[in-house]
Amino acid sequence: MDDSQSGMLQTVFISFYMIFAPVFGYLGDRYNRKFMMIFGIVIWIIAVILSTFCAPGHYYLFLLCRGIVGIGEASYSTVAPTIIGDLFVGAARTKVLMLFSIAVPVGSGLGFICGSTIALITDSWQWGVRFSPILGILCIIAMIFFLDEPARGANEGSQQPGDDATLWEDITYICSIPSYVLVTLSIIAAFFTIGTLSWWTPKFIRFAYTIAMKKDPTKAEVNYINLTFGIITCMSGLLGVTMGTLMARSWRDGKGLFKNCKTDNADVLVCAIGMLVSLPFFFAALMLAIINVNVTFACIFIAILCMCWTWAINVDIVMSIVIPNRRATALAIQSLVSHLFGDASAPYITGMFSDWVRGNNESVYGHFYSLKTALYIPTFMIVISGSLYLATSFFITSDRKEALFLMNAVDPNAQNLPEDQSNLVRPESPDSTVFDNNDDDDDDIREIEFEPTDDDDGIPTIDSRRLSAGLDLLPPVISWRLEDEAFPISRSATNVNSSAIYQNLASLRDAESSSDEYESVGDSPRYWLPRA
């Protein structure tokens with residue numbers, strides 16, 4: 001096979017994957033996800049085994065099997081993160097998603113290592129491929145006996161009922177989230193780079209090795225290159241996903257090195273830093289390939305390490321900005337567009353550009369320099385990805401709060417905080433009351449204005465936007481106007497005792513009361529807003 005045909009194998013696989021991902025995503029938001037994952041793994045096992053029996057000359061049959069493998073992977077890779085999202089919440093979810101994401105680079109690395117080793121021992125690439133379905137069978141057994149289908153959003157206190165929305169309505173809602181759109185565009189650029197790197201790096205290194213050693217590599221040397229790249233992929237993925245996740249969580253919580261610079265934008269900032277830091281190392285790998293192969297491997301290791309910072313964080317971001325019964329669809333759509341314009345097209349585009357640059361030059365030098373030139377394309381995509389992650393930081397906080405509002409839930413990362421105990425209700429005037437943190441810093445005050453309004457029928461109305469639990473049970477003459485940060489979102493609103501609110505604000509029930517009554521209330525002692 002030439003470079004274009006080799007790249008087409010990956011393109012067909014990803015194309016089938018991205019076509020069926022939205023289907024499984026839509027079904028995953030409505031039906032049993034456990035059964036869908038089992039079905040997908042069975043399809044995957046059958047397709048992998050059948051592909052090993054394709055005789056030489058049956059290239060298109062092999063392409064078909066490769067595409068069916070993509071269908072199987074679309075089923076479980078789309079719905080599995082949503083099950084994790086429903087089983088865990090907050091910091092625990094972040095850590096479990098980290099472990100889930102580690103499986104991708106570790107699995108890829110083990111695939112290179114085990115596949116190459118078995119193929120070398122048996123002198124047959126088919127047996128190297130047949131090894132992986134054994135692991136799939138073990139996964140099916142584990143899911144049948146140990147996995148239960150969790151309720152969607154229950155661990156986050158979501159009070160959303162089931163619905164029968166159409167796929168188009170799901171897409172409209174998901175695409176209205178700015179952070180989701182920007183992160184998806186970032187992933188497209190990142191996947192283009194990762195797809196190109198994972199597919200063409202071993203071949204690029206083989207050409208560089210041949211030029212540096214001035215001889216064609218033996219079968220053992222080719223196996224060494226594949227084995228080394230597999231180890232690099234495995235270790236850099238393992239360390240990169242772990243580093244990125246722990247760094248983002250520590251930065252977001254203000255712990256360790258980040259205790260003085262806590263920020264809710266930590267997730268996207270870590271992703272941006274990871275992509276931009278990987279750029280010089282990826283570029284150095286291209287420049288140093290024929291000078292020192294070992295240094296090239298080291299640069300590739302660091303580049304993949306930094307790019308893998310984003311993997312678990314991307315899923316965690318989607319879990320935090322999309323409501324539970326839309327998450328599978330959101331992940332599926334993200335997979336579709338990111339693979340379509342990312343790693344599905346990247347290997348083929350890179351291979352086609354390499355063939356165009358090389359022309360009729362079939363020498364090893366021609367192959368090396370044409371592929372090196374083609375690999376400059378993903379370097380630009382790294383810059384685009386990092387820039388889009390930075391742009392996401394302007395929207396992600398508000399999008400998270402919007403998702404919590406739609407779920408009628410609270411931020412799991414802010415539940416049971418020590419400062420919750422010091423929240424006070426202080427009626428001060430006939431126009432406002434104040435939630436205070438019992439200090440003199442006016443920046444910490446959340447002012448809630450009382451604005452009695454009537455609708456067309458003369459009936460008092462209430463706007464309780466971004467409130468949950470007992471807070472929206474306040475008298476209907478009260479209209480809540482929340483300014484910079486909604487109190488119930490940043491505090492544990494579900495722990496509020498609504499009856500206590502009625503008692504503390506009893507004198508404010510009547511919007512027509514005299515100003516003297518409100519002044520006397522304003523002079524009264526502050527009331528503590530107790531837990532349930």
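Here the Cβ of each residue, glycine as well, is placed from N, Cα and C on the backbone.
Unlike curated records, TrEMBL annotations are generated automatically.
Taken from TrEMBL as is:
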DOMAIN    1-401  domain 'Major facilitator superfamily (MFS) profile'
TRANSMEM  6-28  transmembrane segment
TRANSMEM  35-53  transmembrane segment
TRANSMEM  59-84  transmembrane segment
TRANSMEM  96-121  transmembrane segment
TRANSMEM  127-147  transmembrane segment
TRANSMEM  180-200  transmembrane segment
TRANSMEM  224-247  transmembrane segment
TRANSMEM  268-289  transmembrane segment
TRANSMEM  295-319  transmembrane segment
TRANSMEM  373-397  transmembrane segment
REGION    416-443  region 'Disordered'
COMPBIAS  416-435  compositional bias 'Polar residues'
REGION    509-532  region 'Disordered'
Are there three or more C-beta pairs under 8 angstroms joining the transmembrane segment (180-200) and the transmembrane segment (59-84), sequence spacing 6 or more?
no
Whether the transmembrane segment (127-147) meets the transmembrane segment (180-200): three or more C-beta pairs under 8 angstroms:
no
Report, as numbers and ranges, every residue of the chain located at least six residues beyond the transmembrane segment (268-289) whose Cβ falls under 8 Å of a Cβ in that stretch; write 'none' if there are none.
179, 183, 186, 190, 193, 197, 204-205, 208, 240, 244, 247-248, 251, 295-296, 299-300, 302-310, 313-314, 317, 368, 372, 375-376, 378-379, 382-383, 385-387, 389-390, 392-393, 396
What average pLDDT does the predicted model assign to the domain 'Major facilitator superfamily (MFS) profile' (1-401)?
84
